There are 2 protein chains.
Amino acid sequence: MAPSMEEEAPSKSRVTVVGSGNWGSVAAKLIASNTLTLPSFHDEVRMWVFEETLPSGEKLTDVINRTNENVKYLPGIKLGKNVIADPDLENAGRSMFLCFYGTDANMLVFVTPHQFMEGICKRLVGKIKGDVEAISLIKGMEVKMEGPCMISTLISQQLGLNCCVLMGANIANEIAVEKFSEATVGYRESREIAEKWVQLFSTPYFIVTAVQDVEGVELCGTLKNVVAIAAGFVDGLEMGNNTKAAIMRIGLREMKAFSKMLFSSVKDSTFFESCGVADLITTCLGGRNRKVADAFARNGGKRSFDELEAEMLQGQKLQGVSTAREVYEVLSHRGWLELFPLFATVHEICVGRLPPSAIVEHSERIPKLSLVEKST
Amino acid sequence: MAPSMEEEAPSKSRVTVVGSGNWGSVAAKLIASNTLTLPSFHDEVRMWVFEETLPSGEKLTDVINRTNENVKYLPGIKLGKNVIADPDLENAGRSMFLCFYGTDANMLVFVTPHQFMEGICKRLVGKIKGDVEAISLIKGMEVKMEGPCMISTLISQQLGLNCCVLMGANIANEIAVEKFSEATVGYRESREIAEKWVQLFSTPYFIVTAVQDVEGVELCGTLKNVVAIAAGFVDGLEMGNNTKAAIMRIGLREMKAFSKMLFSSVKDSTFFESCGVADLITTCLGGRNRKVADAFARNGGKRSFDELEAEMLQGQKLQGVSTAREVYEVLSHRGWLELFPLFATVHEICVGRLPPSAIVEHSERIPKLSLVEKST
């Protein structure tokens, strides 16, 4: 049942949100508030939902479409009546990609847990046609020995799409209740496309800025979790705000140096954006990485991260601990361990090779990083 | 009674700390631990003390010299036996400046409350001879309508000395108990002199980095207090970590833009140093500016800063409130108000023209700052 396209103005964009967790639901809400007023977008925002049966016996998509709330992942918040939940990725794909190519542009917002992305890309391969743009809101790509496996790159390569990223100090529940916040869009070439994403996400309480630095923006979203582990150790050791600020600053410096050594295109200025310093602050003040690392240090490293995670996070895993291991492998593989004492020490503490207090005891190694800054 | 200079190696430096408050005493302790081991410095560190009579009837200098502790401003901490308290600025001046010029270099560390500096300079004019270098640890210079009145400039102009600055995330009591921390030395021309200051202050728990940017470093130490007021409002309004991080980031951006518009020599990279992002974090997490602004917002702006200061700070004044007023005057005078919505709004809230919630309600004005960034 193809809609009558001829009745609509040409070159309107249609937005689909792939993912419907806590952050995905908030993203759908932000976008849906804008598509209603922006003439260059269709009102309807389709949200792909990984279908679940609720304890009541109802399907999650049915409840979302009936109540206009994601009762499981964002209860109490109206998403906007123009958000339509769709349980079938390929159906959603078919309706979007097949019906509208030719006249309309499609904009795909990826906001799933990162481990699902490879499977989702496989299911979408060959089904995307026409003028389609993508953006990834997914934090925490993997850092493999040969370099980071960027989610934006995965999407670009697997689906043949240009892919921007949106990162920042974005605690979903705070944005859901419209508390003031910011975000950064990273784009590769087209400033015009970036501005379109900025338009789609911006609200008076959610300020979005675009920078031409996909890798820098995306790496910030991952590496900050390693620094949050370090900040948690400082909290657990009760070392005070001076030390915590110093560790956060050194962490930001290592984030910058590491990103620039991996991608020469990465810009210093990106780290002043919301994705950089602001997200780092948020993550080091609150956040589960900081919290579990705090508990780890208070226990003198005697209880493992696995044990504390199981007890404190109800089955969620800490990204910071696995990212620290992945970063350590890159540093070790490339002979950079000495240049990144904070990153290296976080991993060594996590695996029990060093005590939590090493996070500052190894500080005398820190000035060596000035070598990196000169070389980058 | 001039010492026998011939017996000592030439070109040894002698350090005098002008000031003996909380931070001055910690600075003397840091320096004194280094002069004992560095061959290019005389062991003795002379500390000028504004003389007071303690409740016991003893003079403060006598107690410091007897117990090796500044019992009033840094109780419980040994300063080092080579710290000698001297009550007479001009005597201290005479012994240093007259006896040693010709053979020895003198290094003067200024660390008094900023309102005393003009008087101190007047008393020292004409008394400083020979090879003398100065550094200012004084935060909170005044920002007059025609531009900031930098303490380092005051020292340079009044005393004819080259003057560096040392700023950073430096809560004196935390450094006193040797918790890990960092600082930034800003210098004008001579890298060699800067390195000498770095050597003099650095310890394994106190990491000092030099950058060629006196104005940038010194302005950070003042402007952060305005941002801390904004952060305090966010805390008082219970707006959460996202909003606080966003406000801190916007504040950092305005600090950078304002400094660069006043001094084209100011470098972006300075704001990544301890004096920039780290000091900002420390000040916005703890600190009295944040604390009183928090109380101000919780009272809905109904109790004035003067009243809250009197109640909460035992006679101390908030630098952030007066700096916000001074900055506002500059912005207003130069027609820059629109470009610095956060700085402007902080002042307008402080004087009761806007409610505390304006700190984020005026956020829609914030994107205009991108104009500044392009122009600087």
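Glycine too: its Cβ is placed from the backbone N, Cα and C atoms.
A:Arg288 is the residue from A:Arg288, A:Arg290, A:Arg298 that TrEMBL records in the NAD(+) site together with A:Gly19, A:Ser20, A:Gly21, A:Asn22, A:Trp23, A:Gly24, A:Phe50, A:Phe116, A:Ala172, A:Lys317, A:Gln319.
Max Cα-Cα distance over the annotated substrate binders (A:Lys139, A:Arg288, A:Asn289) is 14 Å. Residues A:Gly19, A:Ser20, A:Gly21, A:Asn22, A:Trp23, A:Gly24, A:Phe50, A:Phe116, A:Ala172, A:Arg288, A:Lys317, A:Gln319 are listed as the NAD(+) binders, and the farthest two of them sit 24 Å apart at their Cα atoms. Taking only the Cα positions, the spacing between A:Gly19 (NAD(+) binding site) and A:Lys139 (substrate binding site) is 13 angstrom. For the domain 'Glycerol-3-phosphate dehydrogenase NAD-dependent C-terminal' (A:213-361), DSSP puts the residue distribution at 114 helix, 0 strand, 35 coil.
Its own atom aside, the Cβ of A:Gly21 (NAD(+) binding site) has 18 Cβ atoms within 10 angstroms in the protein chains shown. In three-state terms derived from DSSP, A:Gly21 (NAD(+) binding site) belongs to neither a helical nor a strand segment and is classed as coil.
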